[in-house]
Amino acid sequence: MSPCENDTPINWKRNLIVAWLGCFLTGAAFSLVMPFLPLYVEQLGVTGHSALNMWSGIVFSITFLFSAIASPFWGGLADRKGRKLMLLRSALGMGIVMVLMGLAQNIWQFLILRALLGLLGGFVPNANALIATQVPRNKSGWALGTLSTGGVSGALLGPMAGGLLADSYGLRPVFFITASVLILCFFVTLFCIREKFQPVSKKEMLHMREVVTSLKNPKLVLSLFVTTLIIQVATGSIAPILTLYVRELAGNVSNVAFISGMIASVPGVAALLSAPRLGKLGDRIGPEKILITALIFSVLLLIPMSYVQTPLQLGILRFLLGAADGALLPAVQTLLVYNSSNQIAGRIFSYNQSFRDIGNVTGPLMGAAISANYGFRAVFLVTAGVVLFNAVYSWNSLRRRRIPQVSN
C-alpha cells in the first residue's frame with residue numbers, strides 16, 4: 001500500500017458495496033455447482049443408489065469440515081497481514097481449485113479438491129471482519145445485515161444459473177465458468193477494496209489465552225459461537241427432507257421439483273428483505289433484543305410446520321422463518337463486534353465461521369437421522385426444541401452481562 005493511500009480516509013460505504021459484490025460472487029460461485037453435484041459424482045464413476053448417496057453426502061460435507069479446521073488459521077493470518085490480503089487469497093485459491101475440479105478424472109481427486117476448497121475458503125468471514133473494523137460501531141448492525149444479503153443473493157441465483165448452464169453446456173464447463181466468477185471477484189477486490197493495515201509481526205501477535213483475556217466478555221462470545229452453530233444446525237436439519245416432505249404434502253403432481261425449489265428459495269428472499277432493516281433496528285434498540293425475539297419467533301413458526309397440510313402453508317411459514325433468520329447471524333456478528341477489538345476481529349469472525357461450518361455438517365445429519373426414525377414431521381418439532389434451547393441459552397448469557405454501550 002502506498003503512503004498516499006495510507007493518508008487518504010477510507011470510504012467504508014464504498015468498501016461495503018464492493019465487499020457485498022464479492023460476497024455475492026462467491027455465494028453464487030459456491031452454489032452454481034450444487035444442483036448437479038450428485039450427477040457429477042455419478043459421471044466420475046460412482047454407480048449404485050446407496051454409493052451415490054454416500055459419496056454425494058461426503059463430497060458436500062467435506063468442504064465445510066475442512067473450512068471449520070482452516071478458518072482459525074486464516075483468521076490469525078488476517079490479524080497479522082490484513083483482511084484484504086485474505087480476501088484476495090481466498091478468491092484466487094478457490095478459482096484455481098474450481099478449474100481443477102472441472103478436470104477431475106475420478107471421485108478421489110474430486111473429494112481431495114472439495115476438501116482443498118474448504119481449506120482455501122474464507123472470503124465471507126474476512127469480508128465481515130474487514131467491514132466490522134471500518135464501519136462506525138453504531139452502524140454495525142445495518143452494515144453487517146446488508147453485507148449478509150450479498151451471500152444470500154448469490155446463493156439464491158447460483159443454483160438456477162448452474163442448472164441452466166449445466167443443461168446448455170454440460171457439467172464440466174460450469175466449473176470453469178465458476179472459476180471465472182471467482183477470478184472476477186479477485187480483481188474487483190484487488191482494485192476496489194481499500195484497507196489501512198499495519199502488519200503485525202508474529203512475536204507481537206496475541207496468543208490464544210491473550211485473545212480470550214482481551215475480550216470484554218469471553219463467556220458471552222463463546223455463547224455467541226454456540227448460537228451460530230445451533231442456527232446452522234436448525235437451518236440444515238430441514239434441507240435433506242424438504243423435497244420429500246413437499247412431495248408428501250403435494251400428492252401426485254408433476255411439478256414437485258419446481259414447488260420444492262420455490263419453497264426452498266423463499267426463506268432467502270425473505271432474509272434479503274429483512275436483514276438490513278432488522279440490522280438497522282438492532283442498532284437502535286440493541287442486537288441482543290433482535291436476536292432473542294427472532295429465535296422465539298422461529299420456534300413459533302417451526303412448530304406449525306410439522307402440522308401443515310399443503311405446500312402453500314409450508315411456503316408461507318418458511319417465508320416468515322426466512323425473515324427471522326435474516327436477523328439472526330447479523331445480530332450475532334454485531335454482538336461479536338461490540339465485545340471484541342479490531343486487533344483480533346479476524347480471528348473472532350473466523351472462529352465464528354468454524355462453528356457455522358460445524359453446524360452445516362451436523363444439521364443435515366441430524367435431520368436425516370430423525371426423519372429416518374420418526375418421520376418428516378418430527379424433524380420440525382425437534383428443530384423447534386433445539387432453537388428454543390438456543391433462545392433460553394442466549395437470553396441467559398446476555399442477561400448475565402450487560403452489553404457494552406456503543407458510541408460513534
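These residue numbers are counts, starting from 1, taken along the chain as shown.
Note that Cβ sites are derived from N, Cα and C of the backbone, with glycine treated the same way.
Look at Swiss-Prot and you will find 16-36, 58-78, 92-112, 115-135, 146-166, 173-193, 224-244, 256-276, 290-310, 319-339, 378-398 tagged as transmembrane segment, backed by sequence analysis.
In this chain, the transmembrane segment (146-166) lies apart from the transmembrane segment (378-398): fewer than three C-beta pairs between them fall below 8 angstroms, excluding pairs fewer than 6 positions apart. Most Cβ pairs under 8 A with the transmembrane segment (173-193) among the ranges 16-36, 224-244, 256-276, 319-339, 378-398 are made by 16-36. Each of 92-112, 224-244, 256-276, 378-398 was scored by its Cβ pairs under 8 Å to the transmembrane segment (319-339), and the highest score goes to 256-276. Against the transmembrane segment (224-244), stretch 378-398 has more CB pairs under 8 A than any other of 58-78, 92-112, 115-135, 256-276, 378-398.
Within its own chain, the transmembrane segment (378-398) is flanked in space by residues 219-220, 223-224, 226-227, 230-231, 233-234, 237-238, 241, 288, 291-292, 295-296, 298-299, 302-303, 305-306, 366-367, 370-371, which lie at least six positions past its ends and keep a Cβ under 8 Å from the stretch.
For the transmembrane segment (58-78), the list of distant contacts is 37, 41, 85-86, 89-90, 107, 110-111, 114-122, 125-126, 129, 205, 346-351, 353-355, 357-358, 360-361, 364: same-chain residues at least six beyond its ends, Cβ to Cβ under 8 Å.
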